[in-house]
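A.B. asks: Supplied in structure tokens, the structure appears directly below.
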């Protein structure tokens, strides 16, 4: 008896869903297979299936074909000596309801898929506890059942020693350890009330050839139930029905490694001190309860940005950013930068500078990611008034999941910062430590953190509001070259495979979201760029500032002529000597794009009534 069951392999016949229209329904297995007999399974058909690598399917289909070609009377008489199974008592067995679905079997639909001992994980709906007896019945809501479909021929068939398993369930990250020899089928359409003994119809009709058989395990002995005992179908699933793991909104943790203030008021956010332009590590990781479980789509997209801590309107925020940008020595100065450290780039990918105050990147939640961020603006840089308190700033991180297609982040957290210049963060910490040591414990009204217990790791505080859109700052002069309004939400899964993919348009508010006439904005983009050069003669120590009216070679000649009294019409050639010693003819392109705010030493040579000018780069 045991040898007979050793030759059994699970074969699952799946319906073809909506690929073919339903033609007719059959009331018995014999009637269904009569249509198959009209289209014989020839040797050529078996050969084609074998060539395509589906030898097991060809063998299973041939077995079923030979079985139903025998008349029903002869089949019943010959089957009795082999296996004798009395009609089971349904009151004593666990009954699984029959899903009343019409099979889609016809001459053109003979598709058989052989599952080689593949373990499936079934997650039954949570509901009422299933009261079951001791005969291997379902005892908890999350239960496994074993399904066997067809008996393979007695000749040897190559099987795997270690079957490959995959999980089907909601969510996939939930893992239920099961023995490798169990085969479990998941049916999303089953409810808890269907798993009662009364759910089985008294006269359940026989299923068509794609019916399944059930096997249970009783003290190590395999017990087989045939179609009259159990019939379980796996429904067809469209691509829209596949449910991937959705990253929940509270299972991320971000930490900033920087000095924290010693004076923390109860209820207030932790204040972290940073130095302007210094890079600090930020660690991102998932802290879900199911540690060690790898997600099917594990990549997420995070946006790290510098925003104002106070609740301000978008117009006020943009006005402050514009004022800060106008006071910078170069138009390319950004509010936030990311370092290209090897430690960081081994854990993140697809880095995009989506705005002057925001950087986005992709990372895998199965691993810990680390980025190094610097903030280039002080809290006092947003106002022209002296002696006023600076605006509080936050480092905010929004994380978007590739598993949903919503523009709303799945997680948002922030950390309040105060930025100092010239190592001011360390001086501020020393001042607080000195004041703390001088203050008597009895006079302390605000709780202070002892210096020896002070932690240098700040955990970002989760933000409940996920609907408010942060403002991204992109100056007008760079709209033409920068990806405008670029957002981090993945639209297609193809981005997972390519590094540096172009991001899609998203909902973040940028400067072009406000009521500005398009024609006026276009005019600002096309305004000529001003070029400033610092020039001195060889005998001088102080540089002269040459502001070119037009960023061209003609504008450079006019500026030199006005500054050094060189006749404009007698200037012949202008050369640029690079630091490498290369002598290059100056043209409009070099003046416009490669000379702004550069320092030069000017050489003026007169020969034959004309002047040759050489700008030596310093």
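Cβ atoms are placed via backbone N, Cα and C, with glycine included.
Positions annotated as compositional bias 'Basic and acidic residues' by Swiss-Prot: 74-92. Per Swiss-Prot, domain 'Grh/CP2 DB' is recorded for 248-474, and the stated evidence type is sequence analysis. Residues annotated as phosphothreonine in Swiss-Prot, with similarity to another entry given as evidence: 208. What Swiss-Prot lists as region 'Transcription activation' is 1-91. Residues annotated as region 'Disordered' in Swiss-Prot: 74-94. For 380-389, 427-430, the entry in Swiss-Prot reads region 'Interaction with DNA'.
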A.B. asks: For a three-state summary based on DSSP, what are the helix, strand and coil counts in the region 'Interaction with DNA' (380-389)?
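C.D. replies: When I sort the residues of the region 'Interaction with DNA' (380-389) into the three classes, I find 0 helix, 0 strand, 10 coil.
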A.B. asks: Give me the DSSP three-state residue breakdown of the region 'Interaction with DNA' (427-430), ordered helix, strand, coil.
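C.D. replies: For the region 'Interaction with DNA' (427-430), the helix, strand and coil counts are 4 helix, 0 strand, 0 coil.
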A.B. asks: For the region 'Interaction with DNA' (380-389), report the average pLDDT of the model, please.
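C.D. replies: Taking every residue in the region 'Interaction with DNA' (380-389) and averaging pLDDT yields 77.
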